[in-house]
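J.: From Swiss-Prot, for reference:
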- MET1: N-acetylmethionine (MOD_RES)
- SER74: phosphoserine (MOD_RES)
- THR896: phosphothreonine (MOD_RES)
Amino acid sequence: MEGAKPTLQLVYQAVQALYHDPDPSGKERASFWLGELQRSVHAWEISDQLLQIRQDVESCYFAAQTMKMKIQTSFYELPTDSHASLRDSLLTHIQNLKDLSPVIVTQLALAIADLALQMPSWKGCVQTLVEKYSNDVTSLPFLLEILTVLPEEVHSRSLRIGANRRTEIIEDLAFYSSTVVSLLMTCVEKAGTDEKMLMKVFRCLGSWFNLGVLDSNFMANNKLLALLFEVLQQDKTSSNLHEAASDCVCSALYAIENVETNLPLAMQLFQGVLTLETAYHMAVAREDLDKVLNYCRIFTELCETFLEKIVCTPGQGLGDLRTLELLLICAGHPQYEVVEISFNFWYRLGEHLYKTNDEVIHGIFKAYIQRLLHALARHCQLEPDHEGVPEETDDFGEFRMRVSDLVKDLIFLIGSMECFAQLYSTLKEGNPPWEVTEAVLFIMAAIAKSVDPENNPTLVEVLEGVVRLPETVHTAVRYTSIELVGEMSEVVDRNPQFLDPVLGYLMKGLCEKPLASAAAKAIHNICSVCRDHMAQHFNGLLEIARSLDSFLLSPEAAVGLLKGTALVLARLPLDKITECLSELCSVQVMALKKLLSQEPSNGISSDPTVFLDRLAVIFRHTNPIVENGQTHPCQKVIQEIWPVLSETLNKHRADNRIVERCCRCLRFAVRCVGKGSAALLQPLVTQMVNVYHVHQHSCFLYLGSILVDEYGMEEGCRQGLLDMLQALCIPTFQLLEQQNGLQNHPDTVDDLFRLATRFIQRSPVTLLRSQVVIPILQWAIASTTLDHRDANCSVMRFLRDLIHTGVANDHEEDFELRKELIGQVMNQLGQQLVSQLLHTCCFCLPPYTLPDVAEVLWEIMQVDRPTFCRWLENSLKGLPKETTVGAVTVTHKQLTDFHKQVTSAEECKQVCWALRDFTRLFR
């Protein structure tokens, strides 16, 4: 919103429309207009005026939120001499509005906290606030709100205050932490039975624990700690207060993760949590699920904190295994949501025990894990009145999947075979109800693959028993037994006499709609593992493939079946493969031809993606072993299918989704036959370029990268592929030149640099000598700022591989030429690249991208270290040394230390470490 400042009346009207306009389009217009206002420089004055006038809750909330947002994102707009008056104004507003609405108080508290963090001239802000407001009981609630959000905002991603300022703030808050704790004690004394005040005290204390600035020796003997456990032990504590106290205890436990340096507090918390077992049982008896979940969170956090002690000194001191007993008590609760809270701890325990690899230690924990698995098997039971198959996508289905993953991770402590046999014996010896049988089969399916299939009579017996299950058993039992058979495909491979009965059992499932997809998945597994044995059944698989749509399968299951069929097809004799592949593809090709001949307006779906996906999976997994000189058996089939794919692509050229599936299908066709697809190269490239000039689908760039990968080393193809690249670059660059082109088209950036990288890998000299290399590199430099994981990764990989070409394979005859060409490119753009990479790291990209950036800088250094040293020095000179408010972002010593660390690095990871530390100064 540029230009004149809008009137307050206009702002009020927009706020009213946002909240009360019955027309959604009116709300949308108001929201857009107010968003523009918030981004403008007028927002400061307008929001201040709205807060002074206090006309209604809505306008005050908008103004408070705007103030917070402006301070977080646009603080640089204000002159330094206005900061003190802004602070005083905000403190006046929060005092005047303290009774209007809690959400307004929170927004203003955040604004004050964010201001304090960015205002180095406001020294000792905690002391100032406490002195100003602690003696007025009516001001205590908003004072506590400010003191709660202040530590939370220190690590806020919205504020780029830098590591130096952050360190200064944390030291300042640590210095005043005892003042805050004393204030909280005073609040407790004044609160009496005021529950809301107690909740605010606990929230504030938890916030300071989370920042890690409270003195643990001081806190170990503090009355606040005793009060927390007193509240949690009392049966009459309300749900809200209980949650606040639980959150605070969890924060305290998290804060003492380094147990040895916080021993007195660790001991107090440890003893305190152990006293909560009785209170947990009382909550269970009262069926108070909220409190039960809170206790389980506390018990889990206790175990997480003392994990090292539990593993290293089980049963001794802070390794006391009563902690695990508490979690197993929770695992016994009938609601599965309770045990689910502890899953992360059990994963971590399994991980630690796996690394210790100590049989004696493992033996201590075995009984605990067995009890956990029995509890989990019980939690996995469906309701006795459940009808049909188990749901996999609802909350309970997702819980069962997480159980399956956890069991796989912990089974080594019990032993797969021992556990499998125990589970099977419960089915064999008893006559459990169907829901128990199904849950046991589900756990057996989770561990079946980890049981050694060699000469294992129990596995054989289980397989025999399952395939003989009568059709009268509950559908869910049949469903899970089919999944178990699929997981036991290794056993079938070792015992081929079971192949026929197993396939017969699965075929019955395939013919019933509820079981069809599970059966298809199991057949796919059998095909994958028993490829050689399944060759004799190929005709049966072909019959299934021909009538695929009659089986009522999910699209994924149908594709899985075709994948299995293709894997078996690849094991047939070479002379049979061409004919069989043609048969396998013919159903899909006929369907595509039928769609092509249809008039688009007759109401029937003309979407070819199902058939394209099926062809893609067939090409992807038909990978026979072909000796040099032999014609690829799939070549003829793919050449025959090409006209249909080409016509489909042409018909749907404007539809990105369908074109993407066409390209994917062609990609696997090319990969399938490799150099055998040479006859398609010319027509395919011509069609790609023609369509791309009109419709910039990025998948054409990706398909181009596949062609370069397959043919880039063929002398006769290089010029044609370069022509393709140059032709594709023209519309690509035009697309990226549009406003916000990079941000709006990350897929195009990703695929463009995949294509360019393939060129560097397969035919570097061709690209380096071309006219297009400098524009591509310039776009790569511009794209380094793009905060998109895949696109940024592709850009960095291109830059790394491009520069590496100047030093790689120095024994090859084109080495000197490559070295010279890279030298020319770097002379032209090296300084710009280094400056951009440094700026990008400090201001644009998240920390996870730093290893990729470090690799690029490392490669530049390998080409010419002295020149790189100069470039880096120039780049560092261009960085801001102070914030707009005068806080030191980076000192001269920090700059010189970083320069030295990078330029003297002997490994790439040292560059990465230096970057990590340095960029924190700007975050």
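Note: Cβ is positioned from N, Cα and C throughout, glycine not excepted.
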J.: Can you tell me how far the Cα of THR896 (phosphothreonine) sits from the Cα of SER74 (phosphoserine), in Å?
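T.: Spelling it out, the Cα of THR896 (phosphothreonine) and the Cα of SER74 (phosphoserine) are 30 Å apart.
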J.: Just name the most isolated of the modified residues SER74, THR896, going by other Cβ atoms within 10 Å of its Cβ.
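T.: It is THR896 that, of the modified residues SER74, THR896, has the fewest other Cβ atoms within 10 Å.
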J.: Helix, strand or coil at SER74 (phosphoserine), per DSSP?
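T.: Note: SER74 (phosphoserine) is coil by DSSP, not helix or strand.
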J.: Tell me, by DSSP, whether THR896 (phosphothreonine) is helix, strand or coil?
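T.: Reduced to three states, the DSSP call for THR896 (phosphothreonine) is helix.
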